[in-house]
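Here's the structure, in structure tokens; my notes come after.
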């Protein structure tokens, strides 16, 4: 379905004497039908499967084993446990023993190493060099490191009998981290940091400066809005200045390399005839190669910039138009907020189920080690990958909904003759998505999620084979990872433009992707300019916000007496500033992409004479018949003014 298939008819325009072809198209179509319904049903069926995994996991899972830690007998530390049939030391009341102590510290670094674990009241913060130290620690400080059924008086006999009921010595001092006793030998440098209270001071700095961090977040919010305003009014100055500085910088760098070559050549010529010249000749040849390569690259880049100067001017015009669109539809800036909230809910649900999923299983006694193991469902590994794919697909679906909603609203703004009469374009766009296009968005997000899953699987294979693979295999895997990354980037670009076509015409995903790809290929140079120059300008906008927040943060915190490390709260504020600026500028980026495709559609569908353009006067400068179209537009405006004056005179 699309306006290219609609019947066209000719009717005269009132007052200008020019005939216009009217095909009934005036923006995103209202007359559309449901698309990719099968994909929507598959998406819903997939989430039914996600619900099944959640129910099974919650029934069999015990996330307390991960959160609080558990011993080798199936007891969760810090709680009163139930008895496990056949396990003598299970069912312990360990409310006063919240920390997990590991007999073999190597198992912390390599979890595959079998070792015994017990729950203790405190982590031993002193080194235990001989066996008697374990007994003295139990008698003097009530820190029991041996099996629960042993009294301190039995420790010596247990150690002499080699029953593995007590840990071997020597043992390093340990620190409690997430309810685990981590020995200094296992955490290396991190241990020294913890011993020097660095982490505690950093946490205290965050607690003491949370107000300043909040102020800096509010400042970054305001700065992001300011950047949007500056991009609207000063995008041309910024972009052309950037191009000019780039050209001057590349020319200056090339000139400097030639100067260095001349200096080295002069030194070589000044050497006596019998002096060794090999090193100096090598230096001269190297500098000549660098200067020659730099000259070639500089010439090519300058030619590219000269050829693309009109395309760069189009980027400037699109930035200005995007600023106007955001100003006329300010609620566009709220769309990422809803997406972030929905993403937070999705991640919270996924994490909640994940804790139950990885701990799901029935306790069994391993006769060889005497430890309790948990045997998961035979479908456990497949359920884990299914659950992971659900996170990828769900998150990409939410992003697709945001992009399509923004595209629909901006397209409605572009194709509106009278932009002051826009009637809730965002709500209409969201309504069309929910009513007609959830299946198409599920299809597009499924493709991206599938590639992301392939990258994760490949990374998993790389990690498992990193100690056993040859250099050739490692190189091939890295090449495959790079190819998948590039493929994902290309698919994301095509998907984003397909969502724009869906928002305008209501196509199915495949037809929208094909139409968007055709428009992109036919406007390849323009697309290259927008994605290189435009993305760099937006990156500069984010950098400006972050830099300003860092400077302001340094001024706010420099005289605060209870701060040990200023960079800790400033770094947190800088991260929040980047995220906030990225949120707002991502809307701006989507608006630019939508306006560009609308511009291409306008050029393809209209000629500015028999069918007037929808584009603004600034964008009209980039079409072939711009002057004639602008003359007709001016004539129409003058005719309307004359008619208005005549009506006023009669009154």
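One-based numbering along the chain as shown.
Any Cβ shown, glycine's included, is placed from N, Cα and C.
Automatic prediction, not curation, is the source of TrEMBL annotations.
Quantities reported herein were computed from a predicted structural model and do not represent experimental measurements.
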Correct range for transmembrane segment (source TrEMBL, candidates 309-328, 509-528, 569-588, 589-608): 569-588
Listed range which TrEMBL flags as transmembrane segment, given the options 192-211, 472-491, 612-631: 472-491
Of the residue ranges 150-171, 238-259, the one that TrEMBL records as transmembrane segment: 238-259
Segment-segment contact (the transmembrane segment (213-231); the transmembrane segment (569-588)) at 3 or more Cβ pairs under 8 Å: yes
Contact call for the transmembrane segment (436-460) against the transmembrane segment (37-59), three or more Cβ pairs under 8 Å: yes
In contact by Cβ distance (the transmembrane segment (384-415), the transmembrane segment (329-357); 3 or more pairs under 8 Å): yes
Feature contact check the transmembrane segment (37-59) with the transmembrane segment (384-415), CB under 8 Å, 3 or more pairs: yes
For the transmembrane segment (536-557), distant same-chain residues with Cβ under 8 A (at least six beyond the ends): 209, 212, 215-216, 219-220, 223-224, 227, 231, 235, 238-239, 242, 319, 563, 566, 569-570, 573-574, 577-578, 580-582, 585, 588-589
Intrachain neighbours beyond the transmembrane segment (287-308), with Cβ under 8 angstroms and 6 or more residues off its ends: 243, 246-247, 250-251, 253-254, 257-258, 260-261, 264, 525, 528-529
